[in-house]
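Student: Before we start, here is the structure in question, set down as structure tokens.
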Amino acid sequence: MFKKLFGQLQRIGKALMLPVAILPAAGILLAFGNAMHNEQLVEIAPWLKNDIIVMISSVMEAAGQVVFDNLPLLFAVGTALGLAGGDGVAALAALVGYLIMNATMGKVLHITIDDIFSYAKGAKELSQAAKEPAHALVLGIPTLQTGVFGGIIMGALAAWCYNKFYNITLPPFLGFFAGKRFVPIVTSVVAIATGVLLSFAWPPIQDGLNSLSNFLLNKNLTLTTFIFGIIERSLIPFGLHHIFYSPFWFEFGSYTNHAGELVRGDQRIWMAQLKDGVPFTAGAFTTGKYPFMMFGLPAAAFAIYKNARPERKKVVGGLMLSAGLTAFLTGITEPLEFSFLFVAPVLYGIHVLLAGTSFLVMHLLGVKIGMTFSGGFIDYILYGLLNWDRSHALLVIPVGIVYAIVYYFLFDFAIRKFKLKTPGREDEETEIRNSSVAKLPFDVLDAMGGKENIKHLDACITRLRVEVVDKSKVDVAGIKALGASGVLEVGNNMQAIFGPKSDQIKHDMAKIMSGEITKPSETTVTEEMSDEPVHVEALGTTDIYAPGVGQIIPLSEVPDQVFAGKMMGDGIGFIPEKGEIVAPFDGTVKTIFPTKHAIGLESESGVEVLIHIGIDTVKLNGEGFESLINVDEKVTQGQPLMKVNLAYLKAHAPSIVTPMIITNLENKELVIEDVQDADPGKLIMTVK
């Protein structure tokens, strides 16, 4: 149950990134538009007073502001799109549902335009400060103020309606409304019910949120910033940080702007204060990112490079330079964080604590810098330096230098003191035991602590999954020495990455435990999977095309630590939008897992690719999959390989994200194209 809930939270967190991804563009428009009539800048560049320039700046500012003003609607549409696999019908249903939900709440609670507007000086002016802040005008509808929470709720419900009813059949006389056309209809009914329910349930929630907001922001804000920084970074590996920071950025706190509008949420308040030209009071939950993203993590990258073995410095240097520069410029830190998260968790613990102190220090110094994307140099210029007199952004530089020094020396000390296997410090060569292929299942069973220590045994095409009684009896180093490319430990659950032979090992281990296999000569592990390295260097150059219609995401965003950590190899994540997986190149089918959820292919030039459809889909036991090919069959690029029931997978698997891994990259170079929207004819990767 927890695992399923965790998977759903990951999907929601990922879905929230879609509306959040719009904010950088809106923020840039707002920041530049506002900056173009900034008094200090106008004094330096008087030409900014030109009427045409003033009009352009006003349009830019208004274009950016309207996005922030309608965030709840964007969250409704974005959440629905994310949870429904990107189908536009779900987005339309969310839009309709959001409007109906707000209209329903307004009518049930008898909210009128007079509850929103006050009349003064003969004109209608928005005066939320003098009215009930629990009410709002949403796209012309007087209603209850539910903020982005209302948008997320309606978006999630619209996605549920889509996944539940998108292929519904109706009697012939209602046939026009069958299938996807039925989704907005049923969503409308759900929206009415939701509006009625929220009319009575949301006011107490509002009171609770306001009380929590007052406690966190007014009574104990200093401690809150520290705790916020720790929790936000701690959730990065699980992909749940988007869920955590959303209330702080978009709901907690309130400010009435010069137009009389009530603005909620730390990020939105900062943007409103930027436009109003008043001193900043918001930014406590954004500013803390700048010191560790721009200075701390790049310094940590240098410490990792410095401690790499001499023969590995060139490779590690390139990796760390790229990751460190990305963190500095854009605030995208996952490539760097994931480079040491799995191999040296103690470093990530240090990083989490330092991130918390960064938020605390920035708050104590009164630095207030907003952001839309992340705490990199680009946002620092737009929202910090251009407003340096109000934001006190210059203090980030000395504080950042201190953090760079602290990060460097703490990482350097920990790496040497605890002999951490950071990039470039891995064992030069894992000793391979003198174990015949046939004896491998016996040796793996012994390394897991023996028959009595096995509580549950399972496998998929990438890994051996074992739940043990006593984890202390497991010889992790021994498992790696037997050929596992990595071992993941979650509680008493061990995942050993043996690649395609994992299922054969599991099969033989089960037979050994039951007494059906008593000697190595009776095992079924094949010769080709044993003493020879699992990976074979590819020959030639291979173009790899998209395996279907969908979205391409970085491998680091795949919600599975084994794939995201590149334990199986490098590649990309693919989010299918249609239920057909096709061949990414001309080649041969090498493996089809018994549960049909994974396919191994080999190109004509020798590149081996694993397509793993969904996450934890091995547990579906083949339900939702229809194989269209056989092992050893020749295939051509674009040829259908598998039919997939996406609706079934969305309902029964943690995620439909499909890792596409190059399993024998070795010393070859993988070039990943800058592609997001993909179809079978689009190039996504090249192995050189």
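From the backbone N, Cα and C atoms, a Cβ is placed for every residue, glycine too.
Because the structure is a prediction, the values reported are computed rather than measured.
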Student: Would you mind telling me which of 116-136, 137-157, 473-493, 536-556 Swiss-Prot tags as transmembrane segment?
Tutor: 137-157
Student: I'd like the Cβ neighbour count for H612 (active site, tele-phosphohistidine intermediate), meaning other Cβ atoms within 10 Å of its Cβ, all protein chains included.
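Tutor: Summing over all protein chains shown, H612 (active site, tele-phosphohistidine intermediate) has 28 other Cβ atoms within 10 Å.
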Student: Would you mind splitting the domain 'PTS EIIB type-1' (438-519) into helix, strand and coil residue counts from DSSP?
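Tutor: In the domain 'PTS EIIB type-1' (438-519), the DSSP-based counts are 38 helix, 19 strand, 25 coil.
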